[in-house]
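**Student:** I have a structure I would like to understand better, so I am pasting it below and will then ask my questions one at a time.
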Amino acid sequence: MRHTVIFASAFATLVTASAFAADLPGKGITVQPIQSTISEETFQTLLVSRALEKLGYTVNKPSEVDYNVGYTSIASGDATFTAVNWQPLHDDMYAAAGGDNKFYREGVFVSGAAQGYLIDKKTAEQYNITNIAQLKDPKIAKIFDTNGDGKADMMGCSPGWGCEAVINHQNKAFDLQKTVEVSHGNYAAMMADTITRFKEGKPVLYYTWTPYWVSDVMKPGKDVVWLQVPFSSLPGEQKNIDTKLPNGANYGFPVNTMHIVANKAWAEKNPAAAKLFAIMKLPLADINAQNAMMHAGKSSEADVQGHVDGWINAHQQQFDGWVKEALAAQK
């Protein structure tokens, strides 16, 4: 008799679970996430994927492509969403791929993302360098010369990223072309060289952003300092943005927010997923902490999945709340 009760109870649980699965809005629908080739973006992308799975969606592994390709893929419906839409940094790419006519973007996923130019603190203090405009002086520029041509060598970013257009625009706007050579290439490889130079006690000049592990290795304020710019100057869709802060400081880039962007037609047919995209929030500090773990060697696919598990376990109530609110939007 006891076995019969256990079996009946297990069967009832199974039936309830199956019925619940059948009621889930994502049943039978496959989702294709997309991100850039920056592996540190996987954590926040997978967090969204996990929440979608709780809504019943089948979620593929994220595709890694250049941002431009990512936006056009989402606009055409070849991909479903990205969790790394930087605003306003990606505004030109977003607009070029169709803007609000093609994309669904509601809510703010991550707040307070900063970016800009930095130099090592030792050189900054030795030569009293606080502003990138000081690099117009050939004597100052030569301090950062790494290849013997007399110009400062600035580490830029990977071709096709939003920062590439801004850096090139500002190099011209601030009249630095004669004294500063910007290198754009594989960001991770260039950064490895920059960190090696820094550890050797040599001057460094580079672009970076937060959240990212670089600022955990070369800490702003302790090891390196942010450089200000002479005035606000941004290209394209960002051209009217004043980057000056309330305290008068100007680091050349506005503080960015990150958003989950999805194909608009898909979002309209999937209100539960659309609601989820609008309400999910991830603290910048949590991304920094996870990125630092990756840089310390915990960067395999299994490691990153483990980091996602850990975050959800530590924020289970919040995570379940997102899923519950998203499910309610379907009704």
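For all residues, glycine too, the Cβ spot is worked out from N, Cα and C.
Values in this document were obtained by computation on a predicted structure and should not be read as measured data.
According to Swiss-Prot:
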- Trp86, His90, Trp161, Gly162, Cys163: substrate binding site (BINDING)
- Cys157-Cys163: disulfide bond (DISULFID)
- 1-21: signal peptide (SIGNAL)
**Student:** Checking your reading of the structure: which of the binding-site residues Trp86, His90, Cys163 lie inside a 10 Å Cα sphere centred on Cys157 (disulfide bond)?
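**Tutor:** If one measures from the Cα of Cys157 (disulfide bond), the binding-site residues that come within 10 Å are Cys163.
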**Student:** Near His90 (substrate binding site), which residues of its chain come within a Cβ-Cβ distance under 8 Å, counting only those 6 or more away in sequence?
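**Tutor:** Result: Tyr67, Tyr71, Gly162.
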**Student:** State the three-class DSSP label for Trp86 (substrate binding site), counting H, G and I as helix, E and B as strand, and everything else as coil.
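**Tutor:** DSSP assigns Trp86 (substrate binding site) to strand.
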**Student:** Given the recorded positions Cys157, Cys163, which one has the fewest other C-beta atoms within 10 angstroms of its C-beta?
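**Tutor:** Across Cys157, Cys163, these recorded positions, the one with fewest Cβ atoms within 10 Å is Cys163.
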**Student:** Taking 8 Å from the centroid of the Cβ atoms of Trp86, His90, Trp161, Gly162, Cys163 as the cut-off, which other residues in that chain fall inside it around the substrate site?
**Tutor:** Tyr67, Leu89, Met93, Glu164, Val166
**Student:** So if I measure Cβ to Cβ from Trp161 (substrate binding site) and keep only same-chain residues at least 6 apart in sequence, which ones fall under 8 Å?
**Tutor:** Ser36, Tyr67, Tyr187
**Student:** If you count other CB atoms within 10 A of each CB, which of Trp86, Gly162 wins among these binding-site residues?
**Tutor:** Gly162
